[in-house]
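According to TrEMBL, the features are:
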- C:1-336: domain 'DUF4910' (DOMAIN)
- C:49-139: domain 'DUF2172' (DOMAIN)
- C:HIS169, C:ASP175, C:HIS305: Zn(2+) binding site (BINDING)
- C:338-414: domain 'UCP01524 winged helix-turn-helix' (DOMAIN)
Amino acid sequence: MIRDMFPINRSLTGAGVRQTLAIIARHIDLTVHEVATGTPVLDWHVPMEWNIRGGTIRTLDGRCLVDFAQNNLHIMGYSKPVHGVFSRAELARHVHALPDQPDLIPYRTGYYADDWGFCLPDRLWQTMTDDSYQVDIDSDLSPGAMTYGEFFVPGETQDEVLITCHVCHPSLANDNLSGIAVATALAALRAGRRGRLGYRFLFLPATIGAITWLARNEARLDRIVHGLVLTCLGDDGPFHYKQSRREGATIDRAVAHVLAQAGAPHAIMPFNPYGYDERQFCSPGFDLPVGCFMRGVHGTFPEYHTSADDLDFVKPEALDGSFAVLDTLLDLLDRDCTYERIDGRGEPQLGRRGLYRAIAGQREAGGATQMDLLWFLNLADGRHSLLDMAIRADVPFGRIEAAARLALDADLVRPVAAREA
Amino acid sequence: MIRDMFPINRSLTGAGVRQTLAIIARHIDLTVHEVATGTPVLDWHVPMEWNIRGGTIRTLDGRCLVDFAQNNLHIMGYSKPVHGVFSRAELARHVHALPDQPDLIPYRTGYYADDWGFCLPDRLWQTMTDDSYQVDIDSDLSPGAMTYGEFFVPGETQDEVLITCHVCHPSLANDNLSGIAVATALAALRAGRRGRLGYRFLFLPATIGAITWLARNEARLDRIVHGLVLTCLGDDGPFHYKQSRREGATIDRAVAHVLAQAGAPHAIMPFNPYGYDERQFCSPGFDLPVGCFMRGVHGTFPEYHTSADDLDFVKPEALDGSFAVLDTLLDLLDRDCTYERIDGRGEPQLGRRGLYRAIAGQREAGGATQMDLLWFLNLADGRHSLLDMAIRADVPFGRIEAAARLALDADLVRPVAAREA
Amino acid sequence: MIRDMFPINRSLTGAGVRQTLAIIARHIDLTVHEVATGTPVLDWHVPMEWNIRGGTIRTLDGRCLVDFAQNNLHIMGYSKPVHGVFSRAELARHVHALPDQPDLIPYRTGYYADDWGFCLPDRLWQTMTDDSYQVDIDSDLSPGAMTYGEFFVPGETQDEVLITCHVCHPSLANDNLSGIAVATALAALRAGRRGRLGYRFLFLPATIGAITWLARNEARLDRIVHGLVLTCLGDDGPFHYKQSRREGATIDRAVAHVLAQAGAPHAIMPFNPYGYDERQFCSPGFDLPVGCFMRGVHGTFPEYHTSADDLDFVKPEALDGSFAVLDTLLDLLDRDCTYERIDGRGEPQLGRRGLYRAIAGQREAGGATQMDLLWFLNLADGRHSLLDMAIRADVPFGRIEAAARLALDADLVRPVAAREA
C-alpha cells in the first residue's frame, strides 16, 4: 500500500490527495468529502486547489537538470506556474537545498506564499554555474476543492474514538504514508467488528483538513472520548507518545499503560501546541483528549522532510509493531469498563465458585492470576475502570479483563455506566 | 507467652484456637465468641470445626517415621481422617516437602480441600523408599463452631482503633505468635488507661474470622477510624508497613511518621489485595483505614511457613522494639487533636507569657523547642492536626504535643472537634 | 545610601529609626507613622522607646577599652542605663563575645529583658584581666513611640503588592541596609509609573512593626494579593526564596519562574514559622501570600549578626543583581493577566494576519517566537494567566507577554478579569 502511494504527488489539495484516498478506499469503505475553495472554516478558508503536471530546470541548450517527473519533491508545494529564463542569481532565490545533507532533496511547501520554488540536492546545485537557466513549472492554482476521507465504524454507544492521519505529504514514506497505512489497517480490522465505542478514521490534509472537519462537526464533538493522531510509524526507532493538552486524559493513561506493559522502548512527551493535528484537536474551546502516537519525532531524525524518507526508510517490522501496539490500545479502550460488586462489600469466597480452579486452568493461556482476580474484586466498587485497576496493579489490561470475565461469569459483579475521558 | 502458645496446634477452628485464647485471657479480659458452623457471614459460611488427635506414617513393620506428636506441622491443616496402607506413589500425592530446604517441614493447609496430607523434610522423604506405608490420621471434621477473641477498651469518644492479629497458625512463632503477643501486651497496657479513642483488639482465625467479625459488626463499622493488622513482629529485620487501600489515611501517615522519627530501618509498601486480614478490612464496601504492620514480609524470608519459624527465630529485642513503636503509634493516634488559636490571628507574644522560659526549662526533658512552638502556633488554625504539624515540621509528634500543652496552658489555643481518618 | 545609613544606631524604636526613615524619605515620599508606647496591637503592646547616647567600659585608671562611639554594636539593644564599678565576674554576666570568631563584635538585643550588656571581640575580652571596671551606659527607656515608614504607589485596581523590610538593626550592612536600599530603589522606580497593581512599601521595626501594621490595617488585608519580605540582598551568594505558608501562591510560583528564567544560582526553601516578618504576615488568621526574598540566609553565613556584616561585605553588583531580579518580578506581577480567545475555539490563521512576519520582525529584539505565540493562543482560554503559560511553556514571561500583545493587536484575544493570589 505504501509502495502504491509513494509515487503520488500530494499536497493540501488536488489530484494527488484524491488518488491517495482512492487507494485507501480499496481497503475500507471510505467516504470522500470535497469542500469547495473559499468555504469558511472556523478562522480559516478552504484554499485554492493546486495541481501540477510537471516542472523542470534546463540549461539554455536544453539539457534537463531538474525534473519533477523524477522526484515530486523537486517542486515546492503550491508553486505557481512559471515559464522563462532566469539568471542563476534570480533562480537562487527560488532554490532550496541542504548544504549539510548535500545528496538529499528537501521537502518544502509554500501554501499561502504566492511563490514558486525548486528543491534539489546541494551537490547538484553547486555544479549549476551557468549564467542563466530555462525554468518551467506547469501548475495551476484555482478554485476547486479540498478533499478528505472519513470512515466510521459505529459502536454500541454514541462514544467515539478519533483516529486521524495526514495525507498531504508527497513522496515521503514515514511521514506519513506509514501513518496512512497503519490507520487503514486498523480501520479495516475494526470494520468487521462491533464494539462498545465507535471508531472514526480521518484522512486529512494537515491543519486545514483538521480545522475543516472540526468546523463541520462542531455540534457533535462531545462524542469524541479518545483520540490519536498517527504519524511516522515505520522507522525503527522507539515509540513516542505526545500527551493530549489535558495530560491526564484516559487516552494518555491508556497509551502509557500499553507501552509500558508491551515492554517496548518508548518515551512519553508532554503536550505542546506544535506538531501534527493534535494541536488543532487540542486547541482551546475544543480541547479534545487527543494525543499523537509516533515512532520518530518530527524534526529530530535526519531523514525528516527529505528524499531520504523513502521506501527503504520504512521497515515492515516497524509497521507491524506499530500496528500491534495500536490494535492492543484500541481493544483496551473498547473493552475498558467499570464494574461494581453485586453483593456490595467484602471479599467473595472464590473456592466454592470454582474460581481457583478456573484460574489454574487459565494459567497456560496467559489469563488472570489469582492476584489479578483479587485486584479486580478489590477495586470493583463502581469507581475504578479496568484500566485504573491494571495501572494500579501494574499488570497487563488483558489479565484484569480476564479476571473481570471470571467474576462476571460467577455473578460477582455487574457493569456500571462507563465514565469516559 | 509465645513459649506457652507454641506447642498448641491451631487451625481455623478447634481446640487449639480455644486454648490459645485461654492463654491470651490470662493477660486481658477477653471475650470469646463461638460462631456455629454453617452461619452465613457475608459471602461465606462458617466452616466445619476441625480437631485432630494424632497422625503418623509408619513402615509396614511398625516403625514410626512421621508423627504429629513430634511436630504439628506434619499434618496438613483440615486433613480428613485416614487409616490404611498406601503405596509410595499414592502417598506421594499427599506429601509436601521442600527440596530446596530439605531439612525443614513446610506448613500447609487444605481448609476446603476435602483432602489429607503430610508435611515432612525432603531429606526424610527421599529416604522413604519402601513400596508401601501405613498411614493414620485421627482427626474429625464436623459441625461445631469457629472461635475468636475480642477485647475492647472504651474511649471518651465513639471512635475506635482496630488492632487485629490471626490466631490460626500452628507452631509458627513469628507468623503469628509474635503478633498475638504484641497485641496482647498493647491491650493489657491500654486496659489500664482511658483515652480519647476506644481500642478494639481482635484475635481472629485468618480470613473467615475477619469476615465473620465484619458481618456481625457491619452496622457499626463507621466507628473504626484507624486500624492495624499485626503479624511477624519478632524477627530481627526492618519494619514493613503496608498501607491501607486509601494509601493516604491518617493511619498511613501516622505509621510513616512514627517510623521515620524513630530512625528505625523500615519500608512503606503500597496496598495490594493479598496478605493478611487487611485485605478483608480494605475490601470494597468496607474500605476501612486499616494497614498491616510487620517486620518480615510473608513469603520473603526463608523461615516463612516452615518449621524454621520456631522459638529461636523470634528475638525478645525484636518483640520489644515492635511493641515500642506500636505503643508510640497508639499514643499518637489517641493524642492527635486539632487546635485553633483563641485570638484567631497573628503570632502571640511568647515572652510576656513566660513561654521562652518554659521552653528553656523543657530542653533537658526533650520537650518542645521554640521552633516547635512556633510551628504549632502557626498551624493552630483549626485545619491542621498535631500529626499534620509534626509531619510538616518534620519533628517528633511528642514535641509538637508538648508545644500544644504550653500553648493550652497559656490560654492561646482551644481544641476543636477532631476530624478522623 | 547604605553608607549614609550605616553609622546610625537603630533599634525597635528611637532616634535611629527616625534618622533612617529620613534618609529613605530623600528618595521617596515616605509617610512616617508614630505609634505611642503601650498601644495594644493584636496580642502585643508597642514597647517603651529606647534611646542611647553613649556607653563605655573603662579601666579604673580611666583608659577606655570599649566605646559605643566606636561601634554601636558594642551596646546590647535596649540596654538600660548603668553607671558603676563592676568586678570582672559581675561584668562577665553582661558581656557577649564570640570565642570562635575572636575578632568580631556580635550583635545582641534584649528588647524585653530589663538588662544591659556589652558586645566585644573575644580577643579584647580575654585581655581584660583587671579585677574591676568602670561601666557606663547613658541610655533611657521611656514612654515614647514606635516609628515606621510607609509608601504606597496606587494601581488601577485595589489589589496591592506588599514589599517590606526591617529597619531595626544597627550597623549591619547586609542585614538589613541592603534590603532597605533595594526596597527604596524599587519604590522610587514604581513611584513614576502607574500599573495594574498598587505597591505598598513598608519600612518596619521587625516583628512589632509588622504586628502593628497588621493590627492597624486588618480590615483591608484582602487587598494584599502578593507580598515579599526583603533582606540580605547585598552579599555575593546565590538567591534564596522562602515560600509563603501556602507554598503554591502566585508569588511563590512567580519568584521560582523569574529565578529559573534568569539562570541565576538560587534555591527555593519551604515555609517555616521562623525568620523575618513573613512569619507575621503568614501567621494563622492572616496567612497572606508573602514570601521572603534574600541572598544569604540568616544564621548561615559567618558574618551574620556580627561586625563583619559591614560596608565591605555588601557588593554593589550584588545589590544591582537583586534589584534587577525583583524589578523583573514586580513587572511580571503587574503585567500578569488572563486572556480568552475572541472566537472561542480553534487555532487562528496566523499567516493572513501577518503574524509570522511580525514574529520574524521581533526575533532580533528577543520577542515572541512562533512557539510562544502558539502556546499563548493554545492556553488563552480564560483559565490560564500569562504566568501559568510561561511556566508550562518554560520560557521567559516576557516572551509570552510579547505573544499576547501580538494576539491582542490582531484582535484574537481579550483580557478577562484577573484571578489573583
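A Cβ is built for glycine as well, from the same backbone N, Cα and C atoms used for every other residue.
Taking the mean position of the Cβ atoms of C:HIS169, C:ASP175, C:HIS305 as the Zn(2+) site, the remaining residues of that chain whose Cβ falls within 8 Å of it are C:TYR107, C:LEU172, C:ASN174, C:ASN176, C:HIS298, C:TYR304, C:ASP309. Neighbour counts of Cβ atoms within 10 Å were taken for the binding-site residues C:HIS169, C:HIS305; the minimum is at C:HIS305.
According to its DSSP assignment, C:HIS169 (Zn(2+) binding site) is coil.
Secondary structure by DSSP for the domain 'UCP01524 winged helix-turn-helix' (C:338-414): 45 helix, 11 strand, 21 coil. For C:ASP175 (Zn(2+) binding site), the same-chain residues that are 6 or more apart in sequence and have a Cβ closer than 8 Å to its Cβ are C:HIS169, C:THR231, C:CYS232, C:GLY296, C:HIS298, C:TYR304, C:HIS305, C:ASP309. Across the domain 'DUF2172' (C:49-139), DSSP helix (H, G, I), strand (E, B) and coil residues number 14 helix, 37 strand, 40 coil.
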